[in-house]
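Data first, discussion second: the structure below is written as structure tokens.
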Amino acid sequence: MHSAGFAAPPLQDAIELEAKITPVVIIYSIMVASGGLVFGYDVGISGGVISMQIFLEEFFPVGEERSQEAEMNNNYCRYVDQGMQIFTSSLFLTALISTFYASNTTRHRGRKTTMLIAGLLFLVGIILSASARSLPMLIVGRIFLGSGVGFANQAVPLFISEIAPSRIRGALNILFQFDMTLGILFGDLTIFTTSKMEGEWGWRITLGLAGVPALLFTLGAILVDETPNSLIERGHLEEGKSVLRKIRGTDNIEPEYMAILSASSISQKVEYPFEELLTGQNGAPLVIAIMIQVFQQFTGMNAILLYTPLLFKTLGYGSAASLYSAIVTGVVNVVSALVPIYFVDQSGRRKLLLVGGVQMFVCQTIIAIILGLKVRDNSNTLSQGMAFTMVLLLCLFVSSFAWSWGPMGWLVPSEIFPLETRSAGLSVTVCVNMMFTFLISQSFPSMLCEMKFGIFLFFSGWVLVMSLFVYYLLPETKGVPIEEMNERVWKQHWFWSKFMEGEMEVYSAGCTHSEI
């Protein structure tokens, strides 16, 4: 690996670091977290756009014909169309691939450059999507957007973690997830407005308005300073010192500067971090990070968010009522995402995940029972009161995810890896997340058609499995310094301690990679 050309003193134990909570750290975090707005907005509009009749007629005539023909008007199978599913899920597939290129850029070019590339990719993708005249052009736009997601999801959490004082690191990290929920709500509100427009302007304006948060994010990437950690690791020692002094609001930065210098020296001894992930002390964190991402997608939350308007139509709501109900769930999502900002460092990660799991399991099971009794292939006997109950249950489900598996799915992997493999570990985390988001979003309409109400039993079964996994295998990381994770968490755990002395090789579903 390239050496920055400096020698660092050994990292000392229990270094007292002076770090004020400065306005510049808060502003920088808010600016770069706006990358979550772009991703969330896209999730919020995807289901609404593909339910617009003019959009379906232009790009997905098969799906439109199927939804209109009386003989094919199956409540569960109205919108099964491979092209439509590729439109929705292509973003996640390209995000999966691009995250490894983003890892290389983040390591060698810095977090700031990686975020700037993400912003430019967002803007190109939005222009292509909003001006699309053919399905291939529309899909190419989605590919650029997905690449932006891969780069942003790699760089933003690292950037926030490295500039934030340790005592508010959890809250600032969750800001990225909160912006995703805010973006989803903005998307729902946009769809509610533009769906009333005549002609093609409705869907074009909807896709084009993603440029607003994309411009904000790109501007933020231009204005923020590079993190001290990245600067020092790449040999820009004096500049790193200057930025550290600026973000900490004090001249007493020598202890933290020496700690970063030592950590960078240790990190540089690892030549191939992706290979290092498969050995020794990295095995347990890698398994946890991978399984959390798999489980997060098998809650069914992203599938439900992507197809919320279509799902409400399946439940018998009209177009306007479906969009209104989607807005209600969007508001619930945003409000609930505020909960973990306070409780994550009070109650701990495990408790939020377990309580959220119970709530999701109950909601999805009851939804499945109601659908099984009231909604048939070609008939719908949902009363007004029962329809209201369905919306309430979906809101409770969305709420439980928003304060548990949503933010914890990103927070836990960001804090369990040792420094030398943290960037590579986060790449694998993003890769697995996008892989299973792609699989679920690509297959959800077909699964809904084939499994009908059983789709909710499918997801609730997975919620039960993941809750048992958390109860038995996920250690609590609340209040544990990252550099002490091995000694205080993994080596003390009843199961993972068995693998910490030797090497444990773990395979990451095709997502680990040698040095890129």
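Glycine residues also receive a Cβ, built from the backbone N, Cα and C atoms like all the rest.
What TrEMBL lists as domain 'Major facilitator superfamily (MFS) profile' is 28-478.
Among the features that TrEMBL reports, transmembrane segment is placed at 21-41 (among others). With a threshold of 8 Å between CB atoms, the same-chain residues lying at least 6 positions outside the transmembrane segment (21-41) that come near it are 115, 118-119, 122, 148-149, 152-153, 156, 159-160, 163-165, 167-168, 172, 175-187, 190, 209-210, 213-214, 216-217, 219-221, 223-225, 246-249.
The transmembrane segment annotation in TrEMBL covers 83-102 (among others).
Annotated transmembrane segment per TrEMBL: 114-132 (among others), in sequence order.
Look at TrEMBL and you will find 138-160 (among others) tagged as transmembrane segment.
The feature transmembrane segment is assigned by TrEMBL to 172-195 (among others). Proximity of distant same-chain residues to the transmembrane segment (172-195), defined by a Cβ-Cβ separation under 8 Å and at least 6 residues beyond the stretch ends, is recorded for 25-26, 29-30, 33-46, 48-49, 52, 156-157, 160-161, 164, 201-203, 205-206, 209, 213, 305, 308-309, 319-320, 323-324, 326-327, 329-331, 333-334, 336-338, 340-341, 344, 402, 406-407, 410-411, 414.
Residues or ranges marked as transmembrane segment in TrEMBL: 201-224 (among others).
The annotation transmembrane segment is assigned in TrEMBL to 321-342 (among others). Long-range neighbours of the transmembrane segment (321-342) within the same chain, counting only residues 6 or more positions beyond its ends whose Cβ lies under 8 Å from a Cβ of the stretch, are 44, 47-48, 51, 171, 174-175, 177-178, 181-182, 184-185, 187-189, 191-192, 195, 305, 308-310, 312-313, 352, 391, 394-395, 398-400, 402-404, 406-408.
Long-range contacts of the transmembrane segment (354-373) within the same chain, counting only residues at least 6 positions beyond its ends with a Cβ under 8 Å from a Cβ of the stretch, are 299-300, 315, 382, 386, 389-390, 393-394, 396-397, 399-401, 403-405, 452-457, 459-460, 463-464, 466-467, 470-471. The transmembrane segment annotation in TrEMBL covers 354-373 (among others).
Taken from TrEMBL, the feature transmembrane segment covers 385-403 (among others).
With a threshold of 8 Å between CB atoms, the same-chain residues lying at least 6 positions outside the transmembrane segment (423-441) that come near it are 85, 88-89, 92-93, 95-96, 99-100, 102-103, 106-107, 149-150, 153-154, 157-158, 273-274, 276-277, 282, 285-286, 289-290, 293-294, 296-298, 300, 302-303, 306, 409-410, 413-414, 416-417, 508-509, 511-513. Look at TrEMBL and you will find 423-441 (among others) tagged as transmembrane segment.
Counting only same-chain residues 6+ beyond the ends of the transmembrane segment (453-474), those with a CB under 8 A from a CB of the stretch are 288, 291-292, 295, 298-300, 349-350, 353-354, 357-358, 360-361, 364-365, 367-369, 371-372, 375, 405, 412, 444, 447, 495-496. According to TrEMBL, the transmembrane segment annotation covers 453-474 (among others).
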